[in-house]
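**Student:** I am attaching a structure below and will ask some questions about it afterwards.
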Ligand code: GDP
């Protein structure tokens, strides 16, 4: 599936950077173009894989290239004012070659949180291609303002996109890692999941042919129009020397030759992917739609395994709308990606909203009382002091 990536804000830019990095290594060609948008010049300079010619600095007259300081209303405003600059960069790319847009942002900050829904709305207005969002939730310990930003952005962003894939930093952070190193490995994990999913159907340049290919329309139909998605992933290294190109191309013998090992490997991988750590933890029962992609050397991509895994996922989720297919790659790993779309039982979103409501109430109360408190502080009562002017 061919995508145009648009990263907004620091997290958005870095995740797009990681996706381009993944794509360059895997050589699957799923990224047609990558654009980074920011209000902070320094954040754009930090990107390695999005060249300056594909970067847009918005809000320059208002914030002078220094960012919006986690003010997502300001992020939305300045992005809306300069959205023409973003759209003219999109206009340069061969839109007829892409299957969809993916707008990426961290929802807890200012620029991405406010700007991503604005850019998504404009893209949907102009183009007929689907516009998907990738929204990153802040970790719990980032505090009330980040949580409030994320809750406000989430409800706006989900309304403006065809589907919002969610990644929860809280479920993924590791203790004992510096923030930067931590984000680096989180972004690589996220890029791998999205990379395998969106590369399906694009091939890996080896010429291997899929038995039951996952094409762009299957991903688009799984994402559907509206709602929230989450992605699971599991991989295993094959216990054998890496084979040459010939065996990769021969393919399709998995069920006949290995006495069911390939079938079992795939069913257990898909279970691990769906029941393990999802990009956003949720109850998978009740999901509306699902897609299973199994990637690996074609001689171990058991069709029967994928069929069984699909049936298992139908039972677990309670929906019949589970698609599935394989994605042959020249690798010594077999990986399963499970995309679950239309998930509604998400405790983390409810928790985020509860903290956001409390934060909003607290901020309003403080704002109201602070005017009176300042009067109290400055006032000298009956002993009048004359102001200067
Ligand atoms: P913005 O530049 O104003 O949009 O704000 P940031 O993108 O810096 O931060 C928004 C939120 O994104 C933060 O609260 C973090 O939760 C998260 N974040 C920042 N950088 C990264 C990153 O590289 N990876 C991930 N996964 N999350 C990030």
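Using the three backbone atoms N, Cα and C, a Cβ is placed for every residue, glycine included.
From TrEMBL, for reference:
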type: BINDING; residues: 10, 11, 12, 13, 14, 110, 111, 112, 142, 169, 187; note: GTP binding site
type: DOMAIN; residues: 2-205; note: domain 'Tubulin/FtsZ GTPase'
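In the displayed structure, how are the listed features positioned relative to their neighbours?
**Tutor:** Secondary structure at residue 14 (GTP binding site), as computed by DSSP, is helix.
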**Student:** Would you mind giving the whole-number mean pLDDT across the domain 'Tubulin/FtsZ GTPase' (2-205)?
**Tutor:** 95
**Student:** Measure between the Cα atoms of every pair in 10, 11, 12, 13, 14, 110, 111, 112, 142, 169, 187, the residues the record assigns to GTP, and report the largest value in Å, rounded to a whole number.
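**Tutor:** So the maximum pairwise Cα distance among the GTP binders is 20 Å.
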**Student:** How would DSSP class residue 187 (GTP binding site) in three states?
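**Tutor:** It is helical.
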**Student:** In the structure shown, which of the binding-site residues 10, 12, 14, 142, 187 has the fewest Cβ neighbours within 10 Å?
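**Tutor:** Counting other Cβ atoms within 10 Å of each of the binding-site residues 10, 12, 14, 142, 187, the minimum falls on 142.
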**Student:** Are there any residues in the same chain, six or more apart in sequence, whose C-beta is under 8 angstroms from the C-beta of residue 111 (GTP binding site), and if so which?
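**Tutor:** The answer is 8, 9, 10, 12, 37, 38, 39, 40, 58, 67, 68, 75, 79, 105.
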